[in-house]
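Undergrad: Quick paste from Swiss-Prot:
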type     : residues      : note
DOMAIN   : 177-307       : domain 'Fe2OG dioxygenase'
REGION   : 191-226       : region 'Disordered'
COMPBIAS : 194-203       : compositional bias 'Acidic residues'
COMPBIAS : 211-223       : compositional bias 'Basic and acidic residues'
BINDING  : 229, 231, 287 : Fe cation binding site
BINDING  : 298           : 2-oxoglutarate binding site
């Protein structure tokens, strides 16, 4: 089902830099979007298109490298075990394998992270030259810098949308934000699917279907590029290429609706912590990525602006409007985010340990 893009508003975020009336209009639009879908597009965001294209080009080159080369920078080689490269099948979303490969990076530089056997998180300058991925590290960090600035601006607009001081979230949570950025590659499995269907046909009684329904193969679990989930932190700002594949849960039913790429925009969504802080007034909505059978590889770049790891996310105080919108005690994943009372770092490590069980330490729920 294709979405009517009027339902996911396209907000001109540049207006937030104008007068108070324009700021209030942006805040009003964000309020409506966060209550209804938890998703919205932004345009005129100020991130140079050339930077986006440069990043997209260099990550395409990186993912085209042989697997054994990409594994030089695999996850688990630093004390931030979730940073680095992972191959198809290693990321798990709520018990189901995701059909993608990717890398996760943060704002931390190599010198800020303890490495194992002196293996750097990023390719060295010599390796960038050797594997023809020049500018890989520098382009990533320039993008992180620009997206951090943009995301802080969006968080200010979200503050105003809740009738809070513009710097409310900055003072309490994003003064030292936890930044995570993904470079995601969804290979096209179009030809593989065709081959599997042909093999199935040939294996059924010499190419003939069995007349007995009981002998037919049981239906397989539906595959996804990324399974249904909600994001964990405050805000996600996503760049997706023109292949598309993102789907968002409808506000009117249990169905999912397409959230297609729109040139010149990012798509934003709020996470569990903002849902928790607003008592369910703002929605951390389910979304997923379709299994890629398009015949073209898909690339996306999610950027996560999350609370400081040492901060303790709390319900916004003295905000009576929120109580009437409280979430149900249990969500779709049988979790109650409103009962969680630890630091964001504890919440994150618990979540990431389920997504990458092969890599993440389980040391009393603490970041190490």
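Each Cβ is built from the backbone N, Cα and C atoms, and glycine gets one as well.
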Undergrad: Around residue 287 (Fe cation binding site), how many other CB atoms lie within 10 A of its CB?
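TA: Around the Cβ of residue 287 (Fe cation binding site), 24 other Cβ atoms lie within 10 Å.
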Undergrad: Taking DSSP three-state, what's residue 231 (Fe cation binding site) in: helix, strand or coil?
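TA: Coil, per DSSP.
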Undergrad: Let me know the most crowded of the binding-site residues, choosing from 229, 298 and counting other Cβ atoms within 10 Å.
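TA: Output for this query is 298.
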Undergrad: Using the CB centroid of 229, 231, 287 as the Fe cation site centre, which other residues of the same chain sit with their CB within 8 A?
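TA: Surrounding the site, in chain order, are 226, 228, 230, 236, 269, 271, 284, 285, 286, 288.
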Undergrad: If I take the alpha carbons of residue 231 (Fe cation binding site) and the residue listed as '2-oxoglutarate binding site', what is the distance between them in whole Å?
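TA: It is 20 Å, counting Cα to Cα.
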